Structure formats: structure tokens, C-alpha cells
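A short write-up of the structure that comes next.
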């Protein structure tokens, strides 16, 4: 049996602090709550990953525990799907039936949207390439080619950093802000939260790379790597749908 862990409660508390801090920031208040929430979540997740890794290496995870981990991950993924679904719902609710607040026009007048065939398309191709590289690494782990898997994960991390660089470039040159109508609010919230997921996934990839170099994954035992790969594919698909709706369709 594994020992009692405080980290799930700490992550939940940090998530609550992060959500309330974000609301305060959007209403013009300080960012202290948001920064504190992000810090608590980051530190707690790091400690949680450390403990779970140690338990797995030391053989504390029974078949029932592995099943619980799988169910927990898919529940987490389902909650992430519903989270982004709610944000896309807000976007399509306003875009398909714009009201008088935006003069019944979508995108609102005065908002110059990004051209979908430039930086957004480059970012999309980068994420698709990262999905291919992590899948290559996943396949290499399953057949026991550790060196190829390490190369695939390193390429994925590099592409993730490149994507974040393209996203920051786009934010810098944006002609609208979060306060420029509902379009600006939904755009920056959707892309911002996706960027946060990319950063979290990059940290997940770094932990996976460290475990891969250390030899924690074998041809028969690689569930932790599979979870990382599945999560990254989820991030890829969210962005593809985001590009189709926020960039291509809105342009």
C-alpha cells in the first residue's frame, strides 16, 4: 500500500487560488493571488510526480493501483475536455448570434484578426510535428529502443518551446487586447489557457525525459510514458480545433 499523500489536496487548493486570482486580475486587481496559486500548483505537482515515481520504481504500485491511475487520468482528461468545451461554447455562442453589444457583427468592428496562414499556421505545424515526435518516442519505448525514445522526447520539448515562442510573438503584435470586446476576451482566455497546458505538458515531458534517461521505462512497463503521450496529443487536438475556429473561421 502507498502512504497518505497531501499533494492532491494541495493541488486542489492551489487551483482554487489560481481561479480566484485570475478573476481578481481580470477585474483590475493585483496578480498576487494568481501568482501564488500557480506557485502552489507547480510545487505540489512537482512533489506529487516525485512521490509517484518513487513508489512505482520501488514496486509499491499493485495492479489495482495501476487501474486506479488509469481511471484517474481519463477522468482528468474528461474534465479538461469539458473545460475547453465551455470556452468554445462561449466563443460560438457569441460568434453565431452576435448581439447589439458588438453591432451584430463578428468579428466585432475594429478588431483586426490574425491571418490564419502565417504565424498561426506555423504554430499549428509545429504542434503537429511535436505530436509525431512524441508518438515516435512512444513507439520506440514499446519496442525497447530507448535512445530513439530519448531523441523523440527531446525533439518534442524543442518544438513545444518553439510553439510558445510563436505564441508570445503573436501576443506581442496583436492589434487587440483582452478588453477589446468579447472577441478579445475569449481569444486570449482560450489561447492563454492552451499555452498554460503546453507549459505544463513541457514540464511533464522533462520529467518523462529524466525518467527515460534513468531507465524507469521498459517494454513491459511504460504507463507513465503513455500518459505523457496521451496528454500531449490532447493538447495538439485542442490547438487544431482552436486554429480552425479562432483563426481560420473567424478570419
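Every residue gets a Cβ built from N, Cα and C, even glycine.
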Annotated stretch (transmembrane segment, per TrEMBL) among the listed ranges 149-166, 167-184: 149-166
Where TrEMBL places transmembrane segment among the ranges 53-72, 73-92: 73-92
Mean per-residue pLDDT computed across the domain 'Heme-copper oxidase subunit III family profile' (1-251): 87
